[in-house]
Amino acid sequence: MTTNTVSRKVAWLRVVTLAVAAFIFNTTEFVPVGLLSDIAQSFHMQTAQVGIMLTIYAWVVALMSLPFMLMTSQVERRKLLICLFVVFIASHVLSFLSWSFTVLVISRIGVAFAHAIFWSITASLAIRMAPAGKRAQALSLIATGTALAMVLGLPLGRIVGQYFGWRMTFFAIGIGALVTLLCLIKLLPLLPSEHSGSLKSLPLLFRRPALMSIYLLTVVVVTAHYTAYSYIEPFVQNIAGFSANFATALLLLLGGAGIIGSVIFGKLGNQYASALVSTAIALLLVCLALLLPAANSEIHLGVLSIFWGIAMMIIGLGMQVKVLALAPDATDVAMALFSGIFNIGIGAGALVGNQVSLHWSMSMIGYVGAVPAFAALIWSIIIFRRWPVTLEEQTQ
């Protein structure tokens, strides 16, 4: 076995470790979607009231991503990952012990703090540790961790919550994070901060219209997605009239389809990212517009969820690739902004879905989400024609 072979295997193992970490972080972000009813019952609240926790979490991440990234810009990355995992684990212990909804929200804010730092550095670390010529595949592997959070983490968290209580779901995530932390300590080398940028990077980034256009596209399309996705569980049960088990299966199917999207992007993203993203946004638009009509059939909803999951994974990967390509001199700052903007979209979508459900009808969340999806489609066509260069090649 050659040294080069060993090095490539070690490199992939490190990327896999980051992908597992991504799975852990995204599981805890997504899992409340499947636990809203149980948490609401525990604290004698309405489901829509508990749902505001999703917006609080997302907007804390959005608000703190850039400040935390700047504060830690010179910190060695292995040490930083260890510290943020400690905060992450401690916050989940507090979630397990929560004696009131306020305490639960406080614990989730602690998780959001760790999240804010994690996603501002993970994509650039994955690219940095990937074998030569395999950077797009490394990003796809990280995205696969995200998809597995939906296909395995969210349904398993929901099942644990149903049988053992929602507190045990958060405790189990904390245990998983502890195991992941031990793996990080064992496998990761010292990772001095590189190309992290600083506050001085912001004016330079803001003067890049292509990058700003990608940020705007991101917040609009994520808002569209989360307007419907945040309340997909009660939609399936209360509007479509299907069972709780089918709701779990639908979440499983949507997440699994995300893995398909990750594979597609890994194979075609190097050459066709712009076309893939615009096509995926169009697919998302169709899925949202057909959500209510599809609610009359389990098969229709199942097929729709497959295309929905594929679309969102391609969109997420495409946005990351373009951000990294447009800011190679300040990747951490650019990704901190991306993480913050992405979470603005999550919070906005969850809030819109909340308000539609409370003051109009939950049956309308798909139609309402389709409005920003249509705007995102038009914007993507405009900006990809304005900047037609195959940006993703710059990250190779």
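Any Cβ shown, glycine's included, is placed from N, Cα and C.
Topologically, per Swiss-Prot, Arg8 is found on the same side of the membrane as Met71. Contacts between the transmembrane segment (246-266) and the transmembrane segment (103-123): absent, as fewer than 3 C-beta pairs lie under 8 angstroms at sequence separation of six or more. By the Cβ criterion (distance under 8 Å, sequence gap of 6 or more), the transmembrane segment (50-70) is counted as touching the transmembrane segment (103-123), at least 3 such pairs being found. When pLDDT is averaged over the topological domain 'Cytoplasmic' (267-274), the result is 80. By number of Cβ pairs under 8 Å, the transmembrane segment (209-229) is matched best by 364-384 from the list 15-35, 103-123, 136-156, 170-190, 364-384.
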